[in-house]
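Chemist: The structure's right below; bear with me while I get my questions together.
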Amino acid sequence: MMTLHNLGYPRIGDKRELKFALETYWKGEQSEAELAAVAKDIRRRNWQTQLDAGVDLLPANDFAYYDQFLNMSTLLGVIPKRFRQEHYDLEVAFRMARGRAPSDDAAACCAGHAGHEHSEQTSKADYAGAMKKWFDTNYHYIVPELEDDTAFALTDTRLFDEVAEAVEVAGLAKNVKPVLVGPITYLYLAENKGTAIPKLSRLPELLAVYSEILQRLADQGIEWVQIDEPILVLELADEWQQAFQQAYDALSQSSKQPSSQAPLKLLLATYFETLGDNLSLACDLPVAGLHYDGLRGAKQLNDVVAQYPADKVLSIGLVDGRNIWKTDVTDAIAQLQDAKAKFGDNLWVAPSCSLLHVPVNLEVEEKLNSELKNYLAFAKQKLAEIKLLADALNGQVGEKALAANAQAIADKQQSKLIHNADVQARIAKLDQVALDRAAPYAERAAVQKPKFDLPLFPTTTIGSFPQTQAIRQTRLKFKKGEMSEAQYIDAMQAEIRDVCERQERIGIDVFVHGEPERNDMVEYFGEQLDGFAFTQFGWVQSYGSRCVKPPIIFGDVSRPKPMTVFWSQYAQSQTDKTMKGMLTGAVTVLQWSFVRNDQTREATCNQIALALRDEVLDLETAGIHMIQIDEAALREGLPLKKSDWVAYLRWAVNSFRMTTSGVQNDTQIHTHMCYSEFNDIIEAVAKMDADVITIETSKSQMKLLDAFVDFQYPNEIGPGVYDIHSPNIPTVEQMVDLIQKAAENIPAERLWVNPDCGLKTRGWQETEPALTNMVEAAKVLRKQFEAQMKSA
Ligand code: GLN
Ligand code: ZN
């Protein structure tokens, strides 16, 4: 019989129970024991769900209060100096993740009351660990910090308790498969902090702790351990490839040492891409089995099947752990025939990766279109697909289920909901859309300068203004039908008038309308475009207690009517200053959604771009002649393998050009990107040919502008002069200093002055003074530069 296993299950709960429990606990309104009870209940239910679905090997240690990578750090004793204490407890993990734990807040509060019995207690709060994206997912892990005195040692022993819990649910230890991040991926993603010790020199010491962990798991009766080494899908330097050999040779030796139990078997798991040049390495490592992502790694699936030794276990994932579509089970069965012939029962089936990256349960959705619902599968439904697949391969064909699956797949191919002939016809003529603007930047600038008549160092903001409680409430009331459309429009227009007055008072040069009508920069557009659907509970963990609910792009995208013209036009009517129109770019919409899998991402991106192109032209016709298109996620869309970057950047950049190329020369196109790492994409960014780009650079003190300087970026730039993520109010001097730094390298005529991102998460009490100082800083600089120009 073939084994059916799972690599990980979402831990947030059907309705985000973990999020709410965590946040209550962090606020100090619930004890650690109460939080632990919620967590335990989620784990138990998850295992039961998987057991009921017929999963043979239950994943354990896939639960985390905050992050499973952080779990590895506390397990291995990698605790930053600033948070070390005599005895490890859960609060340490929360401090590593968030900078503080509930008792720190209690201590801070007590310190204010003299004579309180805890008043001598000092807070252990300090800055949190850095957070990074887990490969190309929207999940974030806490980056381990390796310091001069980091000493690996088995520290947080929750792993073993959770394994014991799983064994209790499963009944047998051999049906539980603990999941660990492998030593090489752990070291690779860890960062040195204030130390020059080469990371790989720590490997032997690290392996000693892994051996100890594996020994303890063997003592618990565990047979299989899944060891995740997803960096095997990256293009690795030789030393890291050698480290794999060294590490797994050592681990296989130690697992052979005499012990009371049978030796533990390691299932090496990779996912998210092909193995590329690491194929032979991965196939030859001395472990008992390999899990391979047959979807994202499709190009190499045949090679893996051919090359992997037949006497070992090969697990293949053809059920998508990264997307929400039903699997074509008949096709998957066909794809697995060769592997089945070669491996027999040593072929295992699983999702492509952990199911952490998909929503939990489709059943709880009450409002989704029922036809669409029939094309979808969330985590729980994916378990049933794997079961169906395993049964079919085991010769126990579930005829009815298989037929229903095939019917859904066939219906989807024909569906009118999904396929729109008008969109297809337009896409067929895509090559008729010119990607270049009518004239190059220099010529455009020559007509834009007199038209907009802006001072040197023009000031502007990135689009959103504080989303006050009142604004959120108004939107909610309208959504719930507790407010008429006319009342809603009145309220929003009042907000727009308010921000116009404020910008007038502060003295900003280019205005924005403040985006009060937008909940989220992608959802707002998705809700107005055809081809998008929204779930009620389709949450996916992003980091800690934060979850996102990505829209589903299920069909051909089109724009039934203008989306932003009404608001922008109203805003423009309230001021003589130029009002910037504000759109979210196609790549960002794509990146933050679940995307259909029956055509390329490029094709879907082009459809969104065409819809946005119409919006841009409608804005222009309506008298909005400065239009910003945010591409906050352009960089995070970069493929995992550098060799794939060129192709991605070509279509990503073209989608932006397609969106913007139709406007007149004297219409000014802006773009905004919330990051500062441009070194390796600057050429592509320049090809977008926006007249103005605003970026984040304040945190690096303008150092990261170097990419623009070295490349001699030809158009205008607004390097963010203050960090909107901080509540601190920047001083005039600080900002003058930053702009001066920028002006050392970029001609003053091409510099804009703006914050580094939208202001929606800030309050007015910090926004007004910050912007007032920003405008003052621009004035100081204008004086300096005008004087310089006169004397020159
Ligand atoms: N225009 C958006 C805003 O100001 C941009 C947000 C973003 O870049 N993340 O909120
Ligand atoms: Zn931003």
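Heads up, the Cβ atoms here are built off N, Cα and C, so glycines get one too.
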Chemist: Return the residue out of Glu696, Glu744, Glu776 that TrEMBL annotates for the same Zn(2+) site as His672, Cys674, Cys757.
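Modeler: Same Zn(2+) site in TrEMBL: Glu696.
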Chemist: Given TrEMBL annotates Ile462, Gly463, Ser464, Asp630 as L-methionine-binding, which of Glu515, Glu517, Glu677 belongs to that site as well?
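Modeler: The candidate from Glu515, Glu517, Glu677 that TrEMBL ties to L-methionine along with Ile462, Gly463, Ser464, Asp630 is Glu515.
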Chemist: Looking at TrEMBL, Arg16, Glu17, Leu18, Lys19, Lys133, Asn138, Arg546, Cys547, Trp592 are annotated for 5-methyltetrahydropteroyltri-L-glutamate. Which of Glu91, Glu504, Glu636 sits in that same site?
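Modeler: Candidate in the recorded 5-methyltetrahydropteroyltri-L-glutamate site: Glu636.
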Chemist: Identify, in sequence order, the residues in the chain of Lys133 (5-methyltetrahydropteroyltri-L-glutamate binding site) that are 6 or more apart from it along the sequence and have a CB within less than 8 Å of its CB; answer 'none' if there are none.
Modeler: Tyr139, His140, Glu636
Chemist: Just to be sure I understand the contacts, which binding-site residues have a Cβ under 6 angstroms from any atom of ligand 2? Candidates are Arg16, Lys133, Gly463, Glu515, Cys674, Cys757.
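Modeler: Only Cys674, Cys757 qualify.
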Chemist: Just the recorded positions from Leu18, Lys133, Ser464, His725 whose C-beta lies under 6 Å from any atom of ligand 1, please, or none if there are none.
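Modeler: Ser464, by Cβ distance under 6 Å.
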Chemist: Per the record, L-homocysteine is bound by Ile462, Gly463, Ser464, Glu515, Asp630: how many Å separate the farthest pair of Cα atoms?
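Modeler: Largest Cα to Cα distance for the L-homocysteine-binding set is 13 Å.
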Chemist: Which residues of the same chain, at least 6 positions away in sequence, have a Cβ lying under 8 Å from the Cβ of Ser464 (L-methionine binding site)?
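Modeler: Looking at Cβ-Cβ distances below 8 Å from Ser464 (L-methionine binding site), excluding near sequence neighbours, one finds Val512, Gly514, Glu515, Arg518, Gly758, Leu759, Lys760.
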Chemist: If you count CB neighbours within 10 Å, which one among the binding-site residues Arg16, Arg546 has the smallest count?
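Modeler: Result for the binding-site residues Arg16, Arg546: minimum number of other Cβ atoms within 10 Å at Arg546.
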Chemist: Ranked by the number of other Cβ atoms within 10 Å of their own Cβ, which of the recorded positions His672, His725 ranks first?
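Modeler: The most densely surrounded of these recorded positions is His672.
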Chemist: Determine, for the L-methionine site, the additional residues of the same chain whose CB lies within 8 Å of the mean position of the CB atoms of Ile462, Gly463, Ser464, Glu515, Asp630; present them in sequence order.
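Modeler: So the additional residues around the site are Thr461, Val512, Met521, Met582, Gln628, His672, Cys757, Gly758, Lys760.
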